[in-house]
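The feature DNA-binding region is assigned by TrEMBL to 94-137. The compositional bias 'Polar residues' annotation in TrEMBL covers 356-372. According to TrEMBL, the feature domain 'Homeobox' maps to 92-136. If you look up TrEMBL, you'll see 139-334 marked as domain 'TLC'. Taken from TrEMBL, the feature transmembrane segment covers 46-64, 148-166, 181-201, 266-285, 305-330.
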Amino acid sequence: MATAAAGALSLLWGWLWSERFWLPQNVSWADLEGPADGYGYPRGQHILSVFPLAAGIFFVRLLFERFIAKPCALHIGIEDSGPYQAQPNAILEKVFISITKYPDKKRLEGLSKQLDWNVRKIQCWFRHRRNQDKPPTLTKFCESMWRFTFYLFIFCYGIRFLWSFWDFSCEPPHPPLSSGLYYYYIMELAFYWSLMFSQFTDIKRKDFLIMFVHHLVTIGLISFSYINNMVRVGTLVMCLHDVSDFLLEAAKLANYAKYQRLCDTLFVIFSAVFMVTRLGIYPFWILNTTLFESWEIIGPYTSWWLLNGLLVILQVLHVIWSYLIARIALKALIRGKVSKDDRSDVESSSEEDDGTTCTKSPCDSSSSNGANRVNGHMGSSYWAEE
């Protein structure tokens, strides 16, 4: 039985690393075994090193958020407290959990008669009960500060490769892998693996499913482009994404700190960079090269189809996000602020503040984690999470 298992494993291993899947015609793994500068040529075994590194990145993140991000948040006045706790009430709690978190007028009137409370007080209770399940601003600030720091660092490290790879359609058939490029690839891949697992414990946002697909596609792209030695394409794709990612995180930090004008300015810059890089440079330069120019130079092969399929899926996600950004920006320009019905359920800590102010009750105060007001501005508490 051991012999049969070993044979099956050997067959699976041979199929997994089939030259006909990974490499173009007339190219074999032996062609990538020759000596070269730095780390030689990319090999599948290199990918295995990302898993302990991803665990290490997650541990560094915990230390960073506790000893660097949290003190910074407290220094700029973000309170280390959660939202106001709703007054305990068994009847309202049962309705909230079992029936609806947003009772209509008829249900509010029925509850008012049952509890002998006025309707405004019941509305206030439901508002604070919803806010009670939301994370405090301090937690969101620490998470964004970690991502901002990593994205900015990895972008500055990767930009050194960008200019030398400007015309990657003319690269040699088997470009060697430098040590710097190896570290860049492995760090990016390990970071996205850490995000893949940490997103289940991080703050849940409205685009959770889209981000889950994004992380899967990104990990697949980085891994496949590395193994079949398309590292120049991968480097450019990662740089194009990092340049807008750190701007978004910076805008969110300004939003949490209530630096509204800085927040709006960063959002405008982020939107412009996002549109240019992901709707301009990415499809018309990178996709054009990987889909059409590479077809003429080396022709299609199995992993070529897979890699370009992932690149196209990534572009579809870019279009979806661009639509969300454009919609938010348009509403902000027309109205001066985003309406309360459009605010993110996660980001807005007081989504019913417009027109539902409570008086003379424990519900008078808004949540103590700091409601993100948008009066007269661009509705940052909504777009920051979109």
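Heads up, the Cβ atoms here are built off N, Cα and C, so glycines get one too.
The stretch in closest packing with the transmembrane segment (305-330), judged by the count of Cβ pairs under 8 Å and taken from 46-64, 181-201, 266-285, is 266-285. Helix first, then strand, then coil: DSSP counts for the DNA-binding region (94-137) stand at 32 helix, 0 strand, 12 coil.
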